[in-house]
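Below: the structure, in structure tokens.
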Amino acid sequence: MAEELLQGNNEKLTSHLTKPLLAVAFLASFGSSMLYGYNLAVVNSPAQYIKDFYNETLSESHGLTPDGHLLTVLYSLTVSIFAIGGMTGALLVGRLVTKYGRKGTLVRSTALVFMGGALMGFSRWCRIPEMVIIGRFITGVHSGISLSVVPMYLGEIAPKNLRGFLGLIPSIHICLGVFIAQVLGLSEILGKEEHWPLLLSLVAVPTMVQLILLPWFPESPRYLLIERGDVHATIAALKWFRTKGNIQAEVEEMQEEQRSLSSMQTLSVCSLLMDSSVRWQVLTVAVVNIGMQLSGIDAIWFYTNDIFRNAGIPDPYIQYTTVGTGAIEVISGMLGCFTIERLGRRPLMIGGFLFMGLCCAGITVSVLFQPQLSYMRYISVGCVIGIIAGFCIGPAGVPFLITAELFKQSHRPAAYTVAGCLNWMSNFTIGFVFPFLEIATGPFCYLIFCAVCMGVAVYTFFIIPETKNKTFLEISQMFATKNEICEEELYPNSELKMALMNGYGTLDFHDKK
């Protein structure tokens, strides 16, 4: 059977962007990554309506008349519980992708979206405010899972020269999700009191599309071969995604990695953290994921309306200005996606963080001089737009991409668990701490974000190598010197030889005599 599948593939390995690759990238991102962006922004427009709903139901059910402080706490819980759910989902990633595979995890996790969407959609009809909070938590769990699994899946199915392009498609969909939530939240569309439950529950629509179509696509070939040992399914999956050309080089590269891991099981998080052979990779993942959230982007998104209001934009028009920033996010994300394979990962990361740092400093200066110089308010608006654009071009998506690239198959699930937990923890921390930080330091708080952005840019410049057009094994070799490991440790089973079958290795290994 394998011989029939392989017959006729005597040409050189081709790595063109095929329709199946593009389709699965958009489908996986549309039903998962886009929901993350949508859920980040969807609660902003109906904030007052949700508070009114809490006020009414608490009065009806418990005879309470909550004050403004309690309503603010309940609304803040509604917003922040999403991040707690995300952290919970990130903790489950390693176990789920090892047991069910990458595509299998995405398909199974869709049940969480339907549960969360139903709870939020029927909360007003049932007059139960807890349904909104629980629904947000459940959708957060789904986003915590998909935020790691989608880039892992796309990174493993992509040829090495397209891994960057496909790896940034999820970040475009995150920006698109934010933009769609802003548009649907306009008062002319669903930004009315009677429509907010529908606005929250629309997450079920793209998930339904994904659930119908994604099962027809193959599982990750690397997962099938290295973790499941299924040669036939691996070759069939590669032929599905590549459609033409010689897949022999890819199969051999995967088998080379499999030989280097043949005595190793998938690592746990504790084992990953104690493994000295990936010390610098783990540190890099921690720096870029924490830096991504502590760059100030979440604070900027949260306080955009206040900055626009201070700039003199009338309140009725602020919602349209906010939609404009969402459009800039999508355009910037597309710019990063279409240039990453030409420029590489490092320029997008270094340039994005440096530009964000300069704009953060610009906000501090413009706010300080705004009372004396009226035109400074427009500079502050420009800096806000600059931070958003700089973030979406590189720092929004590259950290998830390089988390896949820096680790071999045995380490990758645990690495995504660590990256996801740090990402969500930092997200929750900045959302909780920033209001107090702003009260204590005023506009100087943006200098802290400036320092974080500059620090990550410097770390990237000196530590992170360029991974463009490199195999996973080649990237591991690039870190070997930093981790002070020799080639024998990098390939612990290099004495194993492969039995050949028409030029392809089977999974039967024998010791070198």
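Glycine is no exception: its Cβ is also placed from the backbone N, Cα and C atoms.
Unlike curated entries, TrEMBL annotations are predicted automatically.
Features reported for this protein in TrEMBL:
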TRANSMEM  21-38  transmembrane segment
DOMAIN    25-468  domain 'Major facilitator superfamily (MFS) profile'
TRANSMEM  73-94  transmembrane segment
TRANSMEM  106-125  transmembrane segment
TRANSMEM  131-153  transmembrane segment
TRANSMEM  165-184  transmembrane segment
TRANSMEM  196-217  transmembrane segment
TRANSMEM  282-304  transmembrane segment
TRANSMEM  316-338  transmembrane segment
TRANSMEM  350-369  transmembrane segment
TRANSMEM  375-402  transmembrane segment
TRANSMEM  414-434  transmembrane segment
TRANSMEM  446-464  transmembrane segment
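Among the stretches 21-38, 165-184, 282-304, 316-338, 446-464, the one making the largest number of Cβ pairs under 8 Å with the transmembrane segment (375-402) is 316-338. Long-range contacts of the transmembrane segment (73-94) within the same chain, counting only residues at least 6 positions beyond its ends with a Cβ under 8 Å from a Cβ of the stretch, are 39-40, 43, 47, 50-51, 54, 66, 105, 129, 132-133, 136-149, 266, 268-269, 413-414, 416-417, 419-421, 423-425, 427-428, 431-432.
The average pLDDT computed over the domain 'Major facilitator superfamily (MFS) profile' (25-468) stands at 88.
Beyond the ends of the transmembrane segment (446-464), by six or more residues, the same chain brings 280, 284, 287-288, 291-292, 294-296, 299, 345-346, 349-350, 353-354, 356-358, 360-361, 363-364, 395, 402, 437, 482 to within a C-beta distance below 8 angstroms of the stretch. Between the transmembrane segment (350-369) and the transmembrane segment (282-304), the number of CB pairs under 8 angstroms, six or more residues apart, is three or more, so the stretches are in contact.
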